[in-house]
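> Heads up, here are the entries from TrEMBL:
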- 189: active site (ACT_SITE)
- 341: active site (ACT_SITE)
- 371: active site (ACT_SITE)
- 107-257: domain 'Alpha/beta hydrolase fold-3' (DOMAIN)
- 311-373: domain 'Alpha/beta hydrolase fold-3' (DOMAIN)
- 1-16: signal peptide (SIGNAL)
């Protein structure tokens, strides 16, 4: 029995060490984050094993785990919570119960999950949206857009646009008592990508009467044009989100063809006709010097993918590719970035580009931040970091919406 226990213990140590990522010195609750990182990477390893054995696809296994975290629409003494549809798009609606003599503010939230996973029904996002509604006395809408790879781009964007346009109808705003001049679109990670793209589309559509007052983007992923920026290099084996996982997920957003992620890993996936777009994501110009460090900029190699994939040059899919004229009409923007995050440079470059065209931007950079921190705000996996980001986000909304 003793030998078996020892063997099992050694196996566990070897298994954990395989997924161990050294924690930066400034990380708060480092042991808890280390445990979460090992769990995330173990799930990824198991998912890849199952896929290689032909049992189930990677995304099917991870989605199964995510669904265990879904919640029912439970109202409380302050907020009425209901699952409904806006233009046939599933949404979760949070309505404050207290009486209001004036029309309320509203927040439309797009959840993260790499375009492939998750829901506004997840415990963490339900908690965040409920907190936002109660703290701001605001109407909050969580959008349950379709997921890849069952639905590739532009399905997610189309769902987001349809839900937002429906919500902005006069009869709907009146029904929920919403002030049309005080509406925010926000999102985190891939949801930040969708929030960015939807806001760009809404603000540049002359046919839309009610415009968005502010947008809030939390560690958003905005480009894959250059998959070898400094934050990609620094966080190749990063906490929770690694470069391989990010490339796999964004590839599934576009196609199931394995040639795309293979080309992305080499940074050779952009088509020959895309060179003019590199100025929009040139980190050697757009990143502040402290983040460029001593890295040497090398332009991605063109034409490494044997077929054309129009989404790779579409600003609706990769909003950092939008030209300056599309950015000029954007509203007051809040961007939060995290130091230890593969997607850090996307948000930093967007801050620069927006400011360069005169858009007002509030930027918070979390020096001890990691990707996906908002997913860890509820037991048993809550982090003080997640709660801190929640408070910064909601506080900014309260002052500006």
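Using the three backbone atoms N, Cα and C, a Cβ is placed for every residue, glycine included.
Note: TrEMBL annotation is automatic and uncurated.
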> Under a criterion of Cβ-Cβ distance under 8 Å and sequence separation of at least 6, what residues of the same chain contact residue 371 (active site)?
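Residue 371 (active site) has long-range Cβ partners 189, 219, 238, 239, 240, 241, 338, 340, 341, 342, 343.
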> Taking the Cβ of residue 189 (active site) as centre, how many other Cβ atoms lie within 10 Å?
28
> On the 0 to 100 pLDDT scale, where does the domain 'Alpha/beta hydrolase fold-3' (311-373) sit on average?
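Mean per-residue confidence for the domain 'Alpha/beta hydrolase fold-3' (311-373): 98 out of 100.
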> What is the total of other Cβ atoms whose distance to the Cβ of residue 341 (active site) is within 10 Å?
26
